[in-house]
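Chemist: One structure follows; several queries about it will come next.
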Amino acid sequence: MIRNHFKIALRYLFKNKLYSILNIVGLALGIAAFVIITLYVGYERSYDKFEGSDEVFRVYMDYAEGGNFVPGDAQTYNLSGPTLKKEFPEIIEQVRLYRLEKVTFVNGEKIIQQPNGSLADASYFKIFDHPLIEGNLSDFEKPNTIILTKTLAKKLFGKKQVLGKSLEVFDGNGIRLEIVGIINDIAQNTHYKTNFLISYPTMNTWDMGNNAKPNWSGNNFFTYLKVAPGIDKIALRKKIMMSDFEQDPDERHNIEAISDIHLHSDKPFEAETNGSLSRVRFLSAIGFIILILSWLNYVNLATAKSMERSKEVGIRKVAGAQRSQLIVQSLGESLLLNLFAVALAIGLAYVLLPLFNNFVGKELVLGLSNLGIILPYLAFILLGTLVSGLYPAMVISGFSPIRALKGKVVASRGGVNIRKGLIGVQFFATVVLIIGTLVVSQQISFLGEQPLGVDLSQLVALKGELLSNENDSITRQKSVVLESELSQLPFVKGVTQAKTYPGDGYDNLSSNVGITYPDGTSNERLLFYLYGAQPNYFEVLGIDFLAGKTYLRKNPGVHNFDIVINETFARIMGFTDMSEIIGKNVKFWDETWTVTGVFEDYHHFGLKSKIEPMFIGDINWAFGTGLQNVLVKMDATGLSLSVMDKNLDQIQQKWKTIFPQSTLDYTFLDKKFEAQYKEDTKFGAAFQLFTGLAIFIAGLGLFGLTSYTILQRKKEIGIRKVSGASVLQILTLLNRDFLKLVTISFILAAPIAWYVMNQWLQEFAYQTRLNWWVFALAGIAAFLVAIISVSFQAIKAAIANPVKSLRTE
Amino acid sequence: MLLELNNIFKWVNQGGNRVFLLKDLNLEVEEGEFISIMGPSGSGKSTLLNVIGMLDGFQEGEYKFLDESVHAMKEKNRSKLYKEYIGFVFQAYHLIDELTVYENIETPLLYKNIKSAERKALVADMLDRFNIVGKKDLFPAQLSGGQQQLVGIARALVAKPKLILADEPTGNLNSNQGEEIMQLFKELNQEGVTIIQATHSETNAAYGSRTLHLLDGRRDHK
């Protein structure tokens, strides 16, 4: 019996190729999209989950802002960890990590610049699940020791034994580190990427200023805690928030579960830009929507198609088949079809995954290893298959044999309504997705068009690292020489130096809380940001002054307490006439500073964030040491790529003559600024892709349903034509029902889409308006999709010779 | 007595009117009979066959099949009964297009839960008997109308029913083919199978042992 059913199912699939292809392709696309999204979401949710990760927390700082505490800094003081551990017996381990963005290692001839390292307490290994595969942990308690990942060790030393070997670090001091351990490479699904660890005591032998001494003033350390299993974590968190070891009413310590960081944390000074929960949720929702759309599609097509099999059902019933047997047969067929679709989907997902990985910059794998992620969803897919197969099965098995054999099976009114409802749901989802896509892309282009208050075009930042021992002041002097050398190049319009620049994020920015305003009032709660730049920085970057002017350059070594502030800051201090603040004094860091100018607000952090109060002061004095970013503004000739290459060559030559032993990196400022929205742009593109898919699937469904409707109304169409109806009138007739459906779906979908997208926009400090035309466009698009998929077949039916369709009756 | 219909009424409501499809119909059929039902289109021939075949119900009257009251039976028992004792032959053959000749004949056996080996033997018997062994792997579309009807009859017979109901079995065939089929029916009848056929043709009706005339759902005794 099963073999008989299987055979007939196969033959049926092959006989009705168009139907089978529509169905299998629709399902496969839906399932493939779902699988890929599931992998992505699973990966995003897998961050920092390891053996014992439930007991690991990160400590962070809350800052008081307007009477409330808000997350202020992902990093803490070097006293935070040890103090908390001492005070709270629930905490059994703590580790401090001082993050090193980039370190240049030298092994003989080999010079390798490596990102993602840390100075770390040895207790790192008691908290994180990265055991040494070689070496002895006790050696890591000594200064000037380092632990490498397998890959980095191989890069530096090849296949040789590396334990006990030493490495030189170029930081200007020629320090050598002994390799005391090797760990396996650390997977990328962690918020804190690590390629090497340098022992914490090394800090004392390096020139790290304040950081090396225990203090409550410099919070530059990531601190992680391990608590005893089974303790009341909420109570501990409360106790930590209530504690006040640093005795500062404007700050408090707080903790968060390590596995929550990637999707929930977006604090200043994070180790990396974290993921976004809302994006993950959006994508999950889209994944489910697409899958459900493709099932609805299947139900529709299968039910419509089942009408053609009424004869077979009649014969089987007459031959003695029971209803349950026919249901089993029908279910079996949908299972078979779904199996094909799943196989095709897995193949598709497998082929498309590398592309998708490339696109989102992840390392998703589809394989046996992560079956755990997929498995519950496979069960879900199976369940969906069963449910979606059940409706057509019930319909088909319910035919009365006499009517079925006479070919007089007409869909019941209820059945037609159900199928219309399904199409309605499909279009509802499609309209929501179209509006979503439009809003996302509108927001992204809105961000691109926003005036930044700064001109980043043709600006390149040169950042190098010296490979020779030089003292700071000589480096500073040389950098000034470089500035003037570069400005003599014909294509260079301006050169300046700065500690950081717009789009550089928090990496090289300082923040401070506590300032006394010119009128003598102090604000101990305001968080503000500051960095150093050459006086001509504003001119080179096109930042305008609203009042006053930039600070003057003073001789090296002479105190320069002149600073400029942004408009936001001046307004916070209570000034509406910007010129009034010029020449006034403010106090912070126990020094008195004079405001020489107010510059127009510019976006330092991109448009996701508000403009924050900000100071800029002289890089030659308090705000910078060593070699900083050299910013070069070039003329428009650089718009041609080949010219740009030549220009960069010349810049490099100048650099090499002044800093012969050094590395050099270029960054184009406009590109880097845009990169802040990279994730949003990708999200937008993913959104578009999946929306396209959803539209395609909905179109397939409508296409299938039309072919069925036309089949049913063939005679009617014939009679109407004989009675004189034009092709256009027939087309209108066939389209009318579906267009009514699309209209209703649109009316229901628009407010929901509006609500959801409004929520999404809240992520941005600067939002595009939700224009009426977005909704109109989505409506028109849905109409077009409907008309095209219906008319595909309707035209054929409308121009067919009526004699034919009437003769068959 | 194979079956017995007493005062059968069957009607549908059209608009406000009750339209009778069968009106006060009585019929007794003995085992081994070959009955032809004649009458113009719409006289109720097919309806009567469907009622006898238990594919269709009726509103009033009683129906006894092998002394069991069909009208009082539940759907499930009824289908058990006709699965066991009745085979159907249709004007339009009604073969399943996606199945081969062999598989088409096998279908009723599948629903009777007969073991594979026995099924093979039974189907082979049928193929032999109708001389279509060579065609067993062909699909219905590859056969002529007469051949298709042979398969239809083979399928009706394979489960060894007591009664064959044939609704215009030669309606779609030319006269030669039609004669062959009728000849076959006659042989089957001689072997003991009870046959009730609906037909338009006097010639075909003549093959039967008696003829029942229908007009507007009642027996026409003229």
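Heads up, the Cβ atoms here are built off N, Cα and C, so glycines get one too.
Annotations for this protein, taken from TrEMBL, read as follows:
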DOMAIN    A:20-240  domain 'MacB-like periplasmic core'
DOMAIN    A:285-397  domain 'ABC3 transporter permease C-terminal'
DOMAIN    A:488-602  domain 'MacB-like periplasmic core'
DOMAIN    A:690-802  domain 'ABC3 transporter permease C-terminal'
TRANSMEM  A:21-43  transmembrane segment
TRANSMEM  A:282-301  transmembrane segment
TRANSMEM  A:335-353  transmembrane segment
TRANSMEM  A:373-400  transmembrane segment
TRANSMEM  A:421-440  transmembrane segment
TRANSMEM  A:689-711  transmembrane segment
TRANSMEM  A:738-757  transmembrane segment
TRANSMEM  A:772-795  transmembrane segment
Chemist: How about the transmembrane segment (A:772-795) and the transmembrane segment (A:282-301): at least 3 CB pairs under 8 Å, pairs 6 or more apart in sequence, or not?
Modeler: no
Chemist: Going by DSSP, how much of the domain 'MacB-like periplasmic core' (A:488-602) is helix, how much is strand and how much is coil, in residues?
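Modeler: When I sort the residues of the domain 'MacB-like periplasmic core' (A:488-602) into the three classes, I find 15 helix, 48 strand, 52 coil.
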Chemist: Across the domain 'ABC3 transporter permease C-terminal' (A:690-802), what are the DSSP residue counts per state (helix, strand, coil)?
Modeler: 96 helix, 0 strand, 17 coil
Chemist: Pairs 6 or more apart in sequence, C-beta under 8 angstroms, 3 or more of them: is that satisfied by the transmembrane segment (A:738-757) and the transmembrane segment (A:421-440)?
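Modeler: Touching, yes - the transmembrane segment (A:738-757) and the transmembrane segment (A:421-440) meet the threshold of 3 or more Cβ pairs under 8 Å.
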Chemist: Under a Cβ pair cut-off of under 8 Å, which of the recorded stretches A:282-301, A:421-440, A:689-711 contacts the transmembrane segment (A:373-400) most often?
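Modeler: So the stretch in question is A:282-301.
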Chemist: What else in the chain is close to the transmembrane segment (A:335-353), if you only count residues 6 or more beyond its ends and a Cβ gap under 8 Å?
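Modeler: Sequence-distant neighbours of the transmembrane segment (A:335-353): 6, 9-10, 13, 20, 23-25, 27-32, 35-36, 39, 298, 364-366, 381, 385-386, 389.
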Chemist: Below 8 angstroms Cβ to Cβ, which residues of this chain, lying six or more residues outside the transmembrane segment (A:689-711), approach it?
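Modeler: Distant Cβ neighbours of the transmembrane segment (A:689-711) are 19, 22-23, 25-26, 29-30, 33, 37, 283, 286-287, 289-290, 293-294, 296-297, 300-301, 304-305, 307-308, 419, 422-423, 426-427, 429-430, 433-434, 436-437, 717, 734, 737-738, 781, 785-786, 788-790, 792-794, 797.
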Chemist: Below 8 angstroms Cβ to Cβ, which residues of this chain, lying six or more residues outside the transmembrane segment (A:282-301), approach it?
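Modeler: For the transmembrane segment (A:282-301), the sequence-distant neighbours (Cβ-Cβ under 8 Å, at least 6 residues beyond its ends) are 19, 22-23, 26-27, 29-31, 33-34, 37-38, 40-41, 334, 337-338, 381, 384-385, 387-388, 391-392, 419, 422-423, 425-426, 429-430, 432-433, 436, 683, 686-687, 690-691, 693-694, 697-698, 700-701, 704-705, 760.
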Chemist: When the domain 'ABC3 transporter permease C-terminal' (A:285-397) is classified with DSSP, how many of its residues are helical, how many are strand and how many are coil?
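Modeler: For the domain 'ABC3 transporter permease C-terminal' (A:285-397), the helix, strand and coil counts are 102 helix, 0 strand, 11 coil.
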